[in-house]
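Here is what Swiss-Prot records for this protein:
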{"type": "BINDING", "residues": "ALA11, ALA12, GLN40, LYS41, GLN53, VAL54, GLU66, SER67", "note": "glutathione binding site"}
{"type": "DOMAIN", "residues": "2-82", "note": "domain 'GST N-terminal'"}
{"type": "DOMAIN", "residues": "89-214", "note": "domain 'GST C-terminal'"}
Amino acid sequence: MVVKLYGQVTAACPQRVLLCFLEKGIEFEIIHIDLDTFEQKKPEHLLRQPFGQVPAIEDGDFKLFESRAIARYYATKFADQGTNLLGKSLEHRAIVDQWADVETYYFNVLAQPLVINLIIKPRLGEKCDVVLVEDLKVKLGVVLDIYNNRLSSNRFLAGEEFTMADLTHMPAMGYLMSITDINQMVKARGSFNRWWEEISDRPSWKKLMVLAGH
């Protein structure tokens, strides 16, 4: 059965789910929700996602929202299909979960407001919060140093295999790398930059960029 994904393919959270689908070889259909016209806030979409965000999925009678929950669900449902994203043992899965949580609580809390202020607001003709941006860059640098140290002795965040721990970072990283200052911050950290170059060379990422019009 084809999974229906409601969202905008250029948005980071739908991209997280799409990357999972592409890594697992899951058939999907994208139902476009236009974020620029706030379609996600309309009553019909609020029935799918009561907080007015994207993505949401429909898989037959099964419905789910929140990108990380969706990605984990399909990585589990299709554990034996495509890339193993969850880990090969209980201990490995715990490390995958650990670094996926790091993405949520340490990385994304900085990446998301940076993307909003440096990419989305200028596109909408709005002013960014310069003071906030500079503070976020400093904090991001500290986080990237920790990642760089981790990746100096590990090929990927959870060890020697690409997993959900890596995948969940990719949409925001794609946006951050288009920001000159942050691109330079990444390239100044050799192990972190090596990791990004490797994961952004995966077929799933290249296919996603085509879907997103890049």
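Just so it is clear, glycine is given a Cβ too, placed from its N, Cα and C backbone atoms.
Feature map: annotations from Swiss-Prot on the structure.
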| residue | record | Cβ neighbours (10 Å) |
| --- | --- | --- |
| ALA11 | glutathione binding site | 20 |
| ALA12 | glutathione binding site | 19 |
| GLN40 | glutathione binding site | 22 |
| LYS41 | glutathione binding site | 14 |
| GLN53 | glutathione binding site | 20 |
| VAL54 | glutathione binding site | 24 |
| GLU66 | glutathione binding site | 17 |
| SER67 | glutathione binding site | 27 |
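Across the domain 'GST N-terminal' (2-82), the DSSP tally of helix, strand and coil residues reads 31 helix, 18 strand, 32 coil. Here glutathione is bound by ALA11, ALA12, GLN40, LYS41, GLN53, VAL54, GLU66, SER67 per the record. The longest Cα to Cα distance in that group is 18 Å. Secondary structure counts, DSSP: the domain 'GST C-terminal' (89-214) has 94 helix, 2 strand, 30 coil. In the predicted model, the domain 'GST C-terminal' (89-214) shows an average pLDDT of 98.
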